[in-house]
Amino acid sequence: MSGEGKKHGSNVEPLRPTRPCPECGRPSVRERYPFCSERCRNVDLNRWLSGSYAIPVADDESKADDEDR
């Protein structure tokens, strides 16, 4: 009976499906999601810190018009 519990417990469903790593395309791993390795994770972090990635900001022209008056 104790052998059945171990067999059933070893078949755990992952919380999320594996997806391709955004850096290299290999399957992601749970510990470093959405990346496949620490290297790919650090490459992405370096791009954010160096300014390679930027979030576009749209100027709100209605506020600019109000400030001019």
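Placed from the backbone N, Cα and C atoms, the Cβ positions cover glycine too.
Features as listed in Swiss-Prot:
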BINDING   C21, C24, C36, C40  Zn(2+) binding site
REGION    1-28  region 'Disordered'
- Query: Where does C36 (Zn(2+) binding site) sit in the DSSP three-state scheme?
  - Reply: coil
- Item | Sparsest-packed of the listed binding-site residues (C21, C24, C36, C40) - C-beta count within 10 angstroms | C24
